[in-house]
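Let me begin by presenting the structure, written as structure tokens, before commenting on it.
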Amino acid sequence: MVGTVVSVYLASVVGVTDSTPDSSYVAAVYEHKVILNPHPRVPVSRHDALQHMQKNLDIYEEQAARAAQQGAQILVFPEDGIHGFNFTRLSITSYLETIPDPQEESWNPCMKPERHNNTEVLQRLSCMARRNNLYLVANMPDLQPCPLKTSPTSTCPPDGRWQFNTNVAFRSDGLLVARYHKHNLYFEASCDTPPEPEIITFDTPFAGKFGLFICFDILFHDPTVLLVQRGVRQLIFPTAWMNQLPLLDSIQFQQAFSLGANVTLLAVNIRNDRLIMTGSGDPEEGRLLVARVPVLEPLEVKQSAAKEVEAGGGESTISVATDSGYCYQDSCDDPPPPSYPTFISSMMYDTFTFVLLNETQGDVKVCNGTFCCRLQYRWLLQDHKELYAFGAFAGTHTVNGRYALQVCAVVRCAGLDRSSCGQEVEEAESKMDFLLEGNFDTKYVYPSILTSRMFLEQPESLEKAADGRLTMKHSNTKGGLVTACLYGRMYHLDNE
């Protein structure tokens, strides 16, 4: 079965349908328009840093109360929502708090604030959870001392401390239950990468186990895939995501990951339209989303998981559709489609091989090296005036991050010239029925359908074959098609 989008606009709560019968919980996320420090690179006193953070925490207080009034049992706030971003290693110093490890120490900051000094933010978050009787997840910077070592292989920074981008989770009575340090940083000069990836979860009485990760983590094997391989079906994802069309819009990839990994994703983004950090598409303002979400049954974890992790493999998490797909031809086993003229164009800094979709309907194949994609399509209106292309890419993305990909994508071109194919587009009028298929060399493929004005649509079906072929079928598109994509991650090739 395929996943279900709870909110089309924000898509902050995305789940799947194989839930425990008659079991659900109420989740809330708050998309926050963060109040920023106008001069983040200038060091400030602890007093001034607290004054700044309290302004954002005041808003958190209001939203926590609203969420509780609507029955929320868990509330998630976004990455960087309390302190902001663009700090240097020095200028963030006064914003840091040393967060104890809940696996080593049981501490309720609201009830015992005197145990640890300089933990005003932790105390306020703890009391927020306790006052509103809900689980609460927030993001904040953490300072952890580390021993200075002269060894050139030491991971300890020269100043003798680690600074981490951190998720904290509180129980409904205010107890600190989880601390996760972000592993995959994205231009974060103020933070360090943890010495080892952290696999952090916490348990709840209403939905079982939740896993924690942050923003750029979602594109990498560790810790994200490790969490899924260990059977965690409900993941919490604070992010400060800058939209990157046409393949990595925030809600687009959130849904794609949920469908591909067969998990519920409680995701929430910062609102900052200048930096293209959006979610719901509403005017730039905060937004609280509350939804009832099914509890997902844990997946069986095999004893060989450790070996699979090393090999970059693991259990297939693509859910299988209840039907067998369809073809516009008489048989899915028909001979390969005829060749069409191809052209090369850059999309998101990667060199795709494209074919134009100029016919009323067609059966098209395009290859990038030995990796091939196939599209069977039919336009709903024969006189559509927009230009579309069908592209394939297999290789390593190297701009603003390094990760290996296999991608099949249908995109609306920005203009009527093929040189515009692959550029950013937000709106479209043309609609098509299609079957999109790729022969992937990876089990990790994330499907998405993005339509005009950043609306998401659910694929009618997804089908994964034993030979790695993944097929996505969709018809009766409600909005104009911006992108239909199968985004394959070749985690095992990232370091080659």
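Using N, Cα and C of the backbone, Cβ positions are placed for all residues, glycine too.
Taken from TrEMBL, the feature signal peptide covers 1-19.
Here TrEMBL flags 34-320 as domain 'CN hydrolase'. Confidence over the domain 'CN hydrolase' (34-320), given as mean pLDDT on the 0 to 100 scale, stands at 90.
Residues near Glu79 (active site, proton acceptor) in space but far in sequence (CB under 8 A, at least 6 apart, same chain), listed by position: Asn139, Asn165, Ile214, Cys215, Pro238, Thr239, Ala240, Ile270. Positions annotated as active site, proton acceptor by TrEMBL: Glu79.
Annotation for Lys182 (active site, proton donor): spatial neighbours Phe164, Asn165, Thr166, Asn167, Cys191, Pro194, Phe213, Ile214, Cys215, Phe216, Asp217, criterion Cβ-Cβ under 8 Å with sequence separation of six or more. Under the heading active site, proton donor, TrEMBL lists Lys182.
Residues or ranges marked as active site, nucleophile in TrEMBL: Cys215. For Cys215 (active site, nucleophile), the Cβ neighbour count at a 10 Å cut-off comes to 26, with all displayed protein chains included.
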